[in-house]
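Trainee: Please see the structure below; I have some questions.
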Amino acid sequence: MKKWGKVKLKIRSNEQFKGLRDQKEIKEDQKMKIAVYGKGGIGKSTTSCNISIALARRGEKVLQIGCDPKHDSTFTLTGFLIPTIIDTLQSKDYHYEDIWSEDVIHKGYGGVDCVEAGGPPAGAGCGGYVVGETVKLLKELNAFYEYDIILFDVLGDVVCGGFAAPLNYADYCIIITDNGFDALFAANRITASIREKARTHPLRLAGLVGNRTSKRDLINKYVEACPMPVIEVLPLIEDIRVSRVKGKTLFEMVGSEPSLNYVCEYYLDIADQILSQPEGIVPKEIPDRELFSLLSDLYLNPINDGKLKNNNKENLLGFTTI
């Protein structure tokens, strides 16, 4: 792919530039951008990679952008840690005109293209700035507009505006969780950031994806109190975790282990729901104290005959429900 810095441009009138800009905006509007969030260690990147392949299997041209300084989002797609945008910019002394698309976009399994944003050294800088620089470079290369779907795989919880930066570019957010307290508490924080971003951006929550969970009672209780779609809940399948260790997606593992084909069907179902362009929602998070009380009550008072024992005693987290 040629870049503006490498070719001789013709001089265009203001009207021509406006027409090109309008065409680019229309082209961008026709694409879909998805931000995948969830508690660290929940299996978010493994899930993202499998969803990306599932979307590619449905005929979409997909780019996955890893937004974690660890730059391991696309590991199971490529089989190695690819160079990051920041690494490449530093090597070129931040001269954007000296960077080609093949310097930063790497081919992954199943035809999925891969980019790792990278990030500042641990304890320094802002990851949100790096995401912005990544999108800026991809636009300079005209690559940001070439894909049917761009999937941002974002690290962990949302604790500040920097972590929420990918939501500035997304049409939908998908939250990965399990049936545990910590993951749902993180999901609620992410929900709050979606609501905040939706004030100024055309962002919607597509829904939750439960990953590797044998139960869903806490998930059910959470979405009852904080209504949102549940896209899919994947059962507790050890091969999902093993795939990460092997550096392969489930789709690639099926080649040698056909018995795993049923697992891929879960991801294909998620892809089909995404491609249906769901209406999505602007969720409203549960206040922290209420969420602590709601989820901890399930631990303290297990479900009995389909109902929760509800009493106003001090719970294990150290405060009293009033």
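Including glycine, each Cβ sits where the backbone N, Cα and C put it.
Keep in mind the model is a prediction, meaning the values are calculated, not measured.
According to TrEMBL, the protein has these features:
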BINDING   GLY41, ILE42, GLY43, LYS44, SER45, THR46, LYS70, ASN211, ARG212  ATP binding site
BINDING   SER45  Mg(2+) binding site
BINDING   CYS126, CYS160  [4Fe-4S] cluster binding site
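How buried are these features, and what lies next to them?
Mentor: Cβ neighbours of ARG212 (ATP binding site) (same chain, under 8 Å, six or more residues apart in sequence): GLY43, ASP178, LEU234, PRO235, LEU236, ILE237, ILE240, ARG241.
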Trainee: Roughly how many Å separate the Cα of SER45 (ATP binding site) from that of CYS160 ([4Fe-4S] cluster binding site), to the nearest whole number?
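Mentor: SER45 (ATP binding site) to CYS160 ([4Fe-4S] cluster binding site), Cα-Cα distance: 21 Å.
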Trainee: For the ATP binding residues given in the record (GLY41, ILE42, GLY43, LYS44, SER45, THR46, LYS70, ASN211, ARG212), what is the largest pairwise C-alpha separation in angstrom?
Mentor: 23
Trainee: Given a 10 Å Cβ-Cβ cut-off, pick out the one of the binding-site residues CYS126, CYS160 that has the most other Cβ atoms nearby.
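Mentor: Per the Cβ count, the most surrounded site is CYS126.
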